[in-house]
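Visitor: After the structure tokens below, expect a handful of questions from me.
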Amino acid sequence: MVQALLMGLLALLNGIQGPYHWYFFREPVMAGFWVGLIYGDPVQGTIIGATINVSYMGWISAGGANASDLYWAGLLGTFVAIQGGMSIDTSVAFAVPIGLLGNYVHVAYMTIASLWPVKMDALAAKGNWRGIRRIQFLGGPAIVLVLRALPVFLIALYGSEFIQTMINSIPTWAMNGLAAVGKMLPALGMSMLMKFMYKKALLPFFVLGFGIAAYSGMTDLLLYALVGVCLAVILIKIGFNNDTEQEGAE
């Protein structure tokens, strides 16, 4: 019961809009950490969440239209993986349909939330500022509580045994196929990201990073991240200095 309540609270924080919620709760890598912490394995939860996150690296939301729900993919995808004892690759393949299902929840949320401005206009015409503030601060979380937190709570409370039974009933060949698909999805996410960010001037840095990874055999991603940050800072500094020199010349 306590774990299910914590999952419901996490889903509530996961769905609320806020400046810190994205970085601490909504990203799959963070959602995976919290789910893993709730079920006693934060390291595995973080790894699963991070792998799901990579699959959505090229994911964008234009005008509130989502191709998939990133938040449910990370939250429930990690939950299903931990409860079902899945491999990391298989968990990614399961996270994708969960994200598609969560997209319907997102559409329902946006539809219901669109009713609040009409109500607030009516309250504004009456000068009821207290009612406006009440809707402003409680309207959105109330919808999230019903559409996101409550379903996740019920799934966590009653769905663990069902998930284990379902996973055990899947044939080995099907699980192997899902694992193979799961291995490809992170590469697809990175490819989508590269398509959006591709610039000819940055291609040498990609070749450099790929060459180091391919021929050195190093698997420490932190090292690559530090090298990338240093190169980015150097490029920004060079560009800033060039802009300053051009302004001085003018």
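Cβ from N, Cα, C; glycine included.
TrEMBL feature annotations, pasted as is:
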TRANSMEM  33-58  transmembrane segment
TRANSMEM  70-88  transmembrane segment
TRANSMEM  94-116  transmembrane segment
TRANSMEM  137-158  transmembrane segment
TRANSMEM  170-189  transmembrane segment
TRANSMEM  201-217  transmembrane segment
TRANSMEM  223-240  transmembrane segment
Visitor: Do the transmembrane segment (70-88) and the transmembrane segment (137-158) come close, with at least three CB pairs under 8 A (pairs 6 or more apart in sequence)?
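Guide: Contact criterion met.
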Visitor: Which residues of the chain, 6 or more past the ends of the transmembrane segment (201-217), have a CB below 8 A from one of its CBs?
Guide: 194, 224, 227-228, 231
Visitor: Same chain, outside the transmembrane segment (137-158) by at least 6, Cβ under 8 Å from its Cβ: which residues?
Guide: 1, 3-5, 7-12, 14-17, 72, 75-76, 79, 105, 108-109, 112-113, 116
